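Asks: Quick paste from TrEMBL:
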type	residues	note
COMPBIAS	1-11	compositional bias 'Polar residues'
DOMAIN	22-215	domain 'Poly(A) polymerase nucleotidyltransferase'
BINDING	F101, G102, S103, D114, I115, D116, D168, K229, Y238	ATP binding site
BINDING	D114, D116, D168	Mg(2+) 2 binding site
BINDING	D114, D116	Mg(2+) 1 binding site
DOMAIN	220-364	domain 'Poly(A) polymerase central'
COMPBIAS	559-582	compositional bias 'Polar residues'
COMPBIAS	615-635	compositional bias 'Polar residues'
Amino acid sequence: MSIFSSTKSQGPPTPGFPKRYGITDPISEDLPNQADLIQTRKLTDCLKSYGVFEDDLELQHREKVVKKLELLFKEWLKETCEETNVPELVTEKVGGKVLPFGSYHLGVHSKGADIDALCVGPGFLERKDFFTSFYEKLKAQEEVKGIRAIEETYVPVIKLNYEGIELDLIFAQVALKSIPENLNLLDDKMLQNIDKCCARSLNGYRVTEEILSLVPNIYNFRLALRAIKLWAKRRNIYSNMLGFLGGISWAILVARICQLYPNATASTLVIKFFKVYSLWVWPIPVRLRIVEDCYYNLPFWDPRINLSDRCHIMPIITPAYPQQNTSFNVTPSTLTIITEEMEQGHVVAQEIQQEKADWSKLFEMPNFFEKYQHYILLQAASATERQHLEWVGLVESKIRLLVGILERNMYISLAHVNLQPFPGPRKANKRDGVSTMWLIGLVLNTEVSKKLKIDLTSDLLSFTDSMCCLAEGFKILEEGMTISAKYVKRENLSWEMPNGEHKRVFSPKPEAAVSHHISATVAPSHTPPASAGQPSTQRKGWPQSEIPARTTKVDEDSVSVTKDSSVHASGPSKPTSLSVIPQATKRPRSPHSETSSKFKPDEEATQKTKHTCSEESPTGISLSKGPSPSVSQPSNKRESQPTVELSDPLPGPTMPVTTVKHQIKLQLISRRK
């Protein structure tokens, strides 16, 4: 039976026969040979050299921290019962559980990794008590540092450091008067009549438990998953937030390989992992078992019923009710990058199997600065460290939306964000100013024309405007917070050193056949409005009349670039200039002028996605904000494409963002010998 089939459900084992795992029969049940065992020892030694294992003392310390937190939680539950006049008999037996889940519970966490833990309480408690009185109780503990409650998120969480261990605590109520020690949260009936917020909190633990129960050999699964996680991190494709795959997605992918090769050693599982997924036909979903819908009015991933689920391009489905897609953030660009890495991993794995290479070759890190010719440099700056923590977190969580905007430009075939941010230069004349930078590599579709000019002005402006709207909506926008986006060619990439010196990170090599020439000139600080009577910009999948863009002066013989130009925006509390650095296009202009746009943030980050293929904007941005003094607003219609998840729109800033726009034209000229 094909591994892509999903029609056969997992049933109880037949008496006298071994238990079957997964939705299909295994591909191979061969037992390992001596060579497989030797390769597994080599893989283990290689993983140890990268420091992925914790020693026994560190593991014991983590266990003690979890037990101490559970004691505090039980103590708080009793105190709350007494304060609310709950009967004494109920108070004595109220119980309480703190259950780890995620990578720690799977047994594949790395050194210094945080612990995700679920706090389960009785149904008569209120969620707000967890984020008020229990938060205060934790804050009063001497061992607790850096505690903060984050309620305005998809899964509300309390983040803290307890005795040097980072923890994320979430809360769920169950319809019980007391929480017994043998609480079974895998029973689907526990979700009946439960609110969606508690269902999401329970989902992490339930999925983790189901994964462990659906693999034939937990030891081999853990070792193989450690190897795949290390590979994904070093190849820069481990991040659900930035549009790649998170820990739970990688765990499900590895668990499926364990089901297909139930007797294989860890080294064989890793080799088969790359073989299977380099051939996988997306969007055929990866799933560990068939999950039946209990119809408890909870979001349930089912593309046969939900039209939005059909837009998911790389579905990896959780094995617990309500089943959800863990890879809903994957975009066409990130899918391309992931599949390319899978194929490259398969080539290296074959060399390892043939003893032409060792395991360290699989974990080699790519040089992101040499991979692309064109880059967007995104920078978020703040006046103080306190401001910067929240500002950077917000910007980083939305970078994938900028990637989505860029990849839908008809002249950009791929946009790849580097997962590793780096500190930017300190703000001028401000000793405590701080900034963080991200690099996005671009692949241009230069086959359209030998002479091509691409303008990214509207794309970059829409994102920077959106971030200002979001920051104000979350009430974190303060004076000194700015965001800018700047085009940089590979040859000009450089970092500012502490002594103020700029160090170039790439030395260009001479090219024989194709030359990309850019000459820089400083553009005026103001740009005249777009002239009327010009055609609209064309973009992939958009009707021509729907995309207004700013006026560009076309120069057929040379290339002009605004020196050090960027898209720059700050909050309405202190309007600052917006400079623009687009990328190059010979796109015609519309008679309309540009505007700032209103941003719609991510919706509930689960598989019940709110984006619809037929009506939503491919950029994930609602352009309904009122015009600002110098930027006018495009009226973009939404297109039939898979998009990022969106939630209810936030109100725009009460004060418009003043903008000054610099234009950039980049011409790519292909010269034949």
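Cβ atoms here come from the backbone N, Cα and C positions, even for glycine.
Unlike curated entries, TrEMBL annotations are predicted automatically.
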Asks: Among D114, D116, D168, the binding-site residues in question, whose Cβ has the most other Cβ atoms within 10 Å in this structure?
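Replies: The residue with the most neighbouring Cβ atoms within 10 Å is D116.
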Asks: Between D114 (Mg(2+) 2 binding site) and F101 (ATP binding site), find the distance joining the two CA atoms and give it rounded to the nearest Å.
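Replies: Answer for this pair: 11 Å between alpha carbons.
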Asks: If you take the centroid of the Cβ atoms of D114, D116, D168, the listed Mg(2+) 2 site, which other residues of that chain have their Cβ within 8 Å of it?
Replies: G102, Y104, I115, A117, V157, K159, E166, L167, L169
Asks: Rounded to a whole angstrom, what is the C-alpha distance between F101 (ATP binding site) and D116 (Mg(2+) 2 binding site)?
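Replies: Cα of F101 (ATP binding site) to Cα of D116 (Mg(2+) 2 binding site) measures 6 Å after rounding.
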Asks: For I115 (ATP binding site), which residues of its chain lie six or more apart in sequence with Cβ-Cβ distance below 8 Å?
Replies: R62, V65, V66, P100, G102, Y104, H109, I165, E166, L167, D168
Asks: When you measure from the Cβ of Y238 (ATP binding site), which residues in the chain that are at least 6 apart have a Cβ under 8 Å away?
Replies: K229, A232, F244, L245, G246, G247, W250, L419
Asks: Show which residues of the chain containing S103 (ATP binding site), separated from it by at least 6 in sequence, have their CB under 8 Å from its CB.
Replies: H109, S110, A113, D116, K229, G247, A251
Asks: Tell me, roughly as an integer, the mean pLDDT over the domain 'Poly(A) polymerase central' (220-364).
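Replies: In the predicted model, the domain 'Poly(A) polymerase central' (220-364) has a mean pLDDT of 96.
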Asks: Per DSSP, what is the residue tally for the domain 'Poly(A) polymerase central' (220-364) in helix, strand and coil?
Replies: 75 helix, 6 strand, 64 coil
